[in-house]
Amino acid sequence: MQSTVIAPSILSANFAKLGEEVDNVLRAGADWVHFDVMDNHYVPNLTIGPLVCEALRKHGVTAPIDVHLMVEPVDRIVPDFAKAGATMITFHPEASRHVHRTVQLIKSLGCQAGLVLNPATPVEVLDYVLEELDMVLLMSVNPGFGGQAFIPSALTKLRAVRERIDNSGKAIRLEIDGGVKPDNIAEIAAAGADTFVAGSAIFGQPDYADVVRRMKDAVAATRR
Ligand code: DX5
Ligand code: ZN
């Protein structure tokens with residue numbers, strides 16, 4: 001099991017003052033910045049691209065930037081994000097014609113690579129590629145929007161992927177994204193996640209530090 005990471009999704013931040021929002025949430029104890037890229041094609045919403053990632057780096061953000069690509073095709077945009085300062089790049093296998101090639105492309109550009117499984121995507125998609133990955137991201141909502149409810153079957157899937165990662169013996173992170181809140185994070189952690197994305201649960205509250213602390217405390221309690 002890897003160290004606990006809280007990765008606020010800036011999708012729910014105030015985009016009119018994004019630099020300040022990111023500074024504040026990192027100062028509040030968050031570990032990474034989760035950066036949701038949507039293309040109005042693979043998912044029915046349109047968000048931010050490499051320019052905004054680069055702008056955060058120029059603003060002085062040094063924390064890992066966890067780029068979640070919900071775009072199709074994938075490969076065309078990967079080098080742009082590597083150049084813009086992405087730390088890790090995750091993508092959906094359905095959106096790439098050649099999954100193994102995309103993983104190699106991301107790693108060849110010096111970024112960590114991860115595969116994202118939608119709620120109905122079977123875990124078998126990890127066969128033959130898991131050991132190449134730095135991270136597996138399980139969606140606990142259908143991708144496209146913040147503020148949706150956690151889909152309970154993600155817990156069963158977390159346990160299945162946890163077992164695969166443990167059997168691999170590799171230091172692969174298991175990230176969960178969608179509907180994560182202080183009051184359900186303990187059971188999500190107990191099911192095997194070590195990396196937690198939360199958008200509306202953090203940015204929807206006035207005191208980011210309080211939410212991040214409650215999340216970390218709840219995870220820590222399951223590790224004792
Ligand atoms: C959904 C995104 C998520 C989303 C999470 O497509 O990948 O990162 O912002 O938002 P919450 O935490 O509000 O469910
Ligand atoms: Zn995301």
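Keep in mind that glycine also has a Cβ here, set from the backbone N, Cα and C atoms.
Record features, source TrEMBL:
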ACT_SITE  Asp36  active site, proton acceptor
ACT_SITE  Asp177  active site, proton donor
BINDING   Ser9, His68, Gly144, Phe145, Gly146, Gly147, Asp177, Gly178, Gly179, Gly199, Ser200  substrate binding site
BINDING   His34, Asp36, His68, Asp177  divalent metal cation binding site
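Using a 10 Å Cα-Cα cut-off around His34 (divalent metal cation binding site), the binding-site residues Ser9, Gly144, Gly146 reduce to Ser9. For ligand 2, the recorded positions lying close by, meaning a CB under 6 A from one of its atoms, are Asp177; the full candidate list was Gly146, Asp177, Gly179, Ser200.
Among the binding-site residues Gly144, Gly179, Ser200, not one has its Cα within 10 Å of the Cα of His68 (divalent metal cation binding site). Taking the binding-site residues Ser9, Ser200 in turn, the residue surrounded by the fewest other Cβ atoms inside 10 Å of its Cβ turns out to be Ser200. Listed in sequence order, Ser9, Leu11, Ser12, Asp36, Gly199, Ser200 are the same-chain residues six or more apart from Gly146 (substrate binding site) with CB atoms under 8 A from its CB. Across the binding-site residues listed here (Gly144, Gly179), the residue whose Cβ sits among the most other Cβ atoms within 10 Å is Gly179. Counting only the Cα atoms, the space from the residue listed as 'active site, proton donor' to Gly144 (substrate binding site) is about 11 angstrom.
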